[in-house]
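Record features (TrEMBL):
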| type | residues | note |
| --- | --- | --- |
| COMPBIAS | A:1-21 | compositional bias 'Basic residues' |
| REGION | A:1-91 | region 'Disordered' |
| DOMAIN | A:194-337 | domain 'Nrap protein' |
| DOMAIN | A:341-481 | domain 'Nrap protein' |
| DOMAIN | A:486-648 | domain 'Nrap protein' |
| DOMAIN | A:680-862 | domain 'Nrap protein' |
| DOMAIN | A:864-1023 | domain 'Nrap protein' |
| DOMAIN | A:1027-1151 | domain 'Nrap protein' |
| COMPBIAS | A:1157-1166 | compositional bias 'Basic and acidic residues' |
| REGION | A:1157-1216 | region 'Disordered' |
| COMPBIAS | A:1186-1198 | compositional bias 'Basic and acidic residues' |
| COMPBIAS | A:1206-1216 | compositional bias 'Polar residues' |
């Protein structure tokens, strides 16, 4: 009931006086009226690409007008409003300001790009050094003399079967010149690599040198000779010399020279290439269809009469690279010299490319292709000479995405050089074709089709990101590191030497051997992709090579043999990857096809009869009922089968990295599912993901029953589940174990359900009465459920507990009036307002927003089936790092992962949970928590303007937001305050998580990219370090329930007897409750850590000693203080410990330091270990010995680091 | 006996052989503006009370000194702090509990003589004669909470609800009755309700806001904007100022980003 006090005497309002004053204003206005207002400008629409070069022509009419009126205006401003004193705008300012406003998005982008380019700008000391170095090197080459190279002290950097003898060196006739980035002015840090080419004179080469790698030998010898002379020369003798392969190409050794000159030695490196003039060989010698390596060279026999010699297009291109280098470079230089905009544009593109690691290795998409493409586009008049750097980058992306170089390709060569049919013919020899200026060399000769498509997809994504006005795309395009391995779903790694040799010897076709001059990597790539592509078909989107750049070796060492291992990344197609069936042709209609199919699949293929009546050959990889995690391994099954069937490579010799970490959300092997009485089809090796649907099905049934209840005073209009399991985000398997014992419901998990009733005007206006009535309704529902559906129930303070099919549900009743009453406040004027407060926010979140978010996340899981399992991995990881809900809210994890899946950071969706997890780690490791806003725009219901406003308020008022800000489009009015708070996660926890994630990523990356290591075992990632904690409170194991998910062991104690006793429903998180109590009372003195998934230890870190120092008496700061003399007081740790003991009475086993615990563990090592699963590495002492040394070393390091982490974080506390 | 800044410091023991105890600081409650609920001369003020101490336990300890009227807690000394402490906890069917942390306590005795006796205490002993702690903690507390506060008995709850709702209805009726009688009070003010002949509009922020908006809109339609030259000039000027502001903002944003070194790609 709202009441207004009104004074009857003074009813008329003051409103009447207002029109009057308005009128008087307008009278005054008339005085100044009369001037024309034709110069009222309309802001002209600007072009979309924000920052064009200042082309004045476009807007001339407008500035003229402003110019004329400017002097007059100036005065008037002064007269009218002397206080404001607005400076009249200049022409440039007007233009710039208008751009700012109209193109806010890209303008910000422009500023960011500007900053980045400034950051990338090469310091003059480097450019000066390069210049002087080249000068001195030219002088050096001039004094070189012709001569016979007799015996070289250095090893020739080429591993070839035969050695060439008697090499006669002729001095170079052409001055060395810069090539690549150094020449086009687009050198990129942090390691600046300056490429210099030295041309072998024609005299050095014979007519016959084109054949059988003779050219390459000469080239290597020439390089060796020059290197030797350089080493002898006093000028270079101090420098560091090393050889390396250019682009992992064993035929292209280069000299890597690190000058000792003090100012540059750290960041500068010079690479010396040896080239040859194009005229050295007969034109047409190296056209793609020629053979330049005879089979006889490798001791093979080839009958030329029967079959023409196989073409060696890749080898030819390899030579042509050297021959055409000078001309191509000259052409590039012409386009880039003096054009800062092109150079900057290329720099931007190079940054983009390098962040994606697409330019690595033999098959990489080198940045020289991009440079040539820019030249091509400007030749085609698609790029204007004066386009800005941004336009250059954008156009290149656009053109990359929209042109196709695969059939016919494109060419830099002028039409006069290039003959139409010839270019067609040469293009047919390569996957991707981009001919150079001479029309002979294909710049993309080594680029496999899949990688090219990948580059295109990335380019398309970049354009899309730029077009998305709701996003500040700059960091996504340029700043974020997205290594290729984190963008593929599965990885196939073959490093076994004998395996590789066997494949190369027996299975690689001879023509590939000649074509690639016996280099292993491309041959293997060819072989494997061909096989896998055929076998996997639609299941896989792309098979990408994952290469690492070769490391340099000393000039005195022998050249290493490379290409003896291969790593392939598979990008799966989510729609088809997990199909259980490969259907072949029908046996009766296409017998040949069927036979072929059978041959391909071997004995896996069977003749099957299908429901539609067809009888066909088919391969079955599983059943439709298999759990999702099992289905995710179908591709692995197929790949391993194909490898074995076709290449005789056994599964143990290869590593197929997929679902390595899925184990952590599996059902604990200690829990025997057989003992559980249930009608549901459950197996022992089930996991959290697989059991979620059971719960959801049961919930659906319950919802149906609730809807169907008769005789309720009000109908139930909406039912929504809000527990994580309804979004597939519950990392512990929820089993149907709940039951009634002695009138009490026991359940390990309670699923929360929110219901709403139909409208009624009779609800009370008082909070307590409303709650009483709600309770009455719940009891009524409970009684009806028992009477009509025979379900057991119990009423609790939090809601109605209902037991159904072994699952326990807690039904809450939501009513909008309760929320309104909680928010209600009466201002001093007597006006009722509704203000958010913590209690109302909590209620709104639980009963109104969470149901919506649950729905959205549920549907997200339906579209991206990897979402759920990724969350499970992420949650498990955080839990095992001893971060519970109070330190890092579980919802934040879910929403961050959802953000990963929603945001388009990669051209394709994440298909494998493991990839999702790695991306999650990347997100944690590389996010700038202070600057990033995580917005989840479900259903795209967030308007552009709203987002811009929000971002603005966020930046200008950062302090009022919590350290981590996550918001969904459903909680716009609470932005950032609903899912996270100032305490969870706090600044310190965020820092801790970032460091943990970086460390975890490091482990993953090294194990992934290394030749020798196996992929990380879950125990390496999913177990926290035990260092850095001050105290450990061990809880009684029989009072704390073990988690049902696969336990990788506690960091403090070894495995004990597991305890799967069912707790009472509604009190299943006993430890969480206790820790919450401890935190609320003692967080000023200590931080508490525990593993929410069945952790039985509480780890404590004291706050820094300053908190415990004596301080003067102050009434408001006496918490926990004891007098310590001199009128001062202090907090004693001992007293607090007594408190902990009191609060944990009956729960704690002992309190000790981690070191003590460890010692004790060692002493009391039980000889019998009941519960060590053979696979689990829970028993580190005996397991670790098996590991290789390098593995051990790696394990050592992290421990130290983590110790530091926690120390650091405590130190930070002191400083803040 | 330790004295500090006018406070008597006594240890708070939870067991007879406790070595490390919290120190509770006691004194007679005295401030200039006395709270009527904490009468002068009869109220004992306790500082640094550990979180687990309950009203009942303090009552048990201090009832030896004389009859106690009330024991109340607050987060810190000050006006209305007690109210804040108990906010939302007193209503039936509320799940809010008072915070669990260090607090201050006010013990109001019936007689002022009890204060002196209390201040002479050697220690506050939270254990009974057999040495058992009188505060429930750990398993015991947990069990107690679950059985008595979490689980409810359906029949009893129903009865409770019926009783409460009956009381509520009565109050509502009385209030409705009062609203109908629109008689002027002593100062000549009349209370206007939603119902009745002279019903006022509801004093809600949304309603008031709507009315105010309407007034502003009305005013706007009567005014001419961008009509006179000076207005146009002014609006243009405004425009420029705004754009400048936005530009400056962007620059600041970049500056901020620059500080966090976000422009180094590698």
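Here the Cβ of each residue, glycine as well, is placed from N, Cα and C on the backbone.
With a cut-off of 8 Å on Cβ pairs spaced 6 or more residues apart, the domain 'Nrap protein' (A:864-1023) and the domain 'Nrap protein' (A:194-337) reach fewer than 3 such pairs and are scored as not touching. Helix, strand and coil counts from DSSP across the domain 'Nrap protein' (A:1027-1151) read 31 helix, 30 strand, 64 coil. Mapped onto DSSP helix, strand and coil, the domain 'Nrap protein' (A:194-337) counts 60 helix, 26 strand, 58 coil. Helix, strand and coil residue tallies for the domain 'Nrap protein' (A:341-481), in that order: 75 helix, 5 strand, 61 coil [DSSP]. On the 0 to 100 pLDDT scale, the model's mean across the domain 'Nrap protein' (A:486-648) is 87.
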